[in-house]
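First up is the structure itself, then whatever we jot down about it.
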């Protein structure tokens, strides 16, 4: 039996330990969606109108526009450096907001607050880029589950922060911002130590084992989501119960460590000779980004054969990459598929962000005193949308070659229904609407991430991903800053302190109607993209089926 030591990052245990730390980073990197938890404190402290407050939230989301820098850096800098940049920037951005809200310093000028909110928003792009790019490359044959788990934990992070703050600090905005400042910084340091880019699995047995471990982590994630949901719907809790809740939640968040611990114990039980062979095998220098692995060896090889037969596919001495092969950012931008994906993504995430950024004011307008439950519900249902859509879309690709964008189309039409329900302002409609919007927003994020990698490859994926993420600040500006801000202010009445307020169903009704129309447009675009990519997903399905048959025989 071998002696115990920390697993090497290139060993199976080290690979999964890196993945677990990536899950932890994602579980705290959704801090950008928590603005509603402290926006009212900023509004009263700085005497802002709703339009000014919404523009602060836009400044937060504009930080994501600078995620292009993280995308460029992902092809040039190692994962630990990218994570370090993100955690330091977040520490400064949210730290200054905490100093203001806690009263330790005087409120800063409006433009300065915009800068620090922008820094906080940008910090998550460095974290998410480092995590997603590294894990998609490490587990490239399981992109759907990876995307679902990662984006699922991002969705849960809002509920995790909100419920822990509610349990321990009675929803104090200053304490909440202190958590947003310190916790992501500490967690990122753990990921810096263990997360590395290493060669992916190369055999069918390794892929099968990966699928099993993903299933375990998925089950843990569902348990966490149900646990959070139970806490939210069970009413007001005493201090002792709240503290017990927080302690159990931390244990559940640590429980994915069971996978790398199991692999370490498995390695310890093996003979030294076989252990040596494995280390040598894992240390082999293999190129991480083989063109043939973009969507499966068979798909790209077939495309190359067809291009060789046609000859005419060679334009000015250089072959234009087919959909499914590695694209540079300029090659991707020139395709019709990228344009459709970009605009449909805007229709989904832009309207979803408008709801998340304005959830506090929406709840107050409809007469709710405590709006934190709606923020938490949107987060938890968003988790179910993300994690289930990742697995379901992957399952139907393997079974029938169903184009992944079809699930985006389904989420868009369901989101439109959710906005209609919220516009009607019936009793309980905000509960239903927040759940529906959360689910559909989660589906959009979890499905679009692997779709982009399948259409345009993994080689330049970091930059392509961050171009798509430009939809977050753009959508926030269009639907939250302009649409919701102007229409709310047109209905609001001035307050003595210099701000304004609006009470009643009419405050956001027209906003919901316009966003429902935008979702219908997004639905049509997603159906079109599914039709255009049907041949690609049929080839992916055939490739995986033939590989499975070969492995069985």
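Glycine is treated like the rest: Cβ placed from N, Cα and C.
Keep in mind the model is a prediction, meaning the values are calculated, not measured.
Per TrEMBL, domain 'Nodulin-like' is recorded for 15-261. Annotation source TrEMBL lists domain 'NFD4 C-terminal' at 329-537. Here TrEMBL flags 81-102, 108-133, 153-170, 176-195, 216-238, 244-265, 338-356, 362-384, 405-425, 431-451, 463-488, 508-531 as transmembrane segment.
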Recorded stretches the transmembrane segment (508-531) and the transmembrane segment (244-265) touching, at least 3 CB pairs under 8 Å: no
Among the ranges 338-356, 362-384, 431-451, the one whose Cβ pairs under 8 Å to the transmembrane segment (463-488) are most numerous: 338-356
Within the predicted model, mean pLDDT of the domain 'NFD4 C-terminal' (329-537): 86
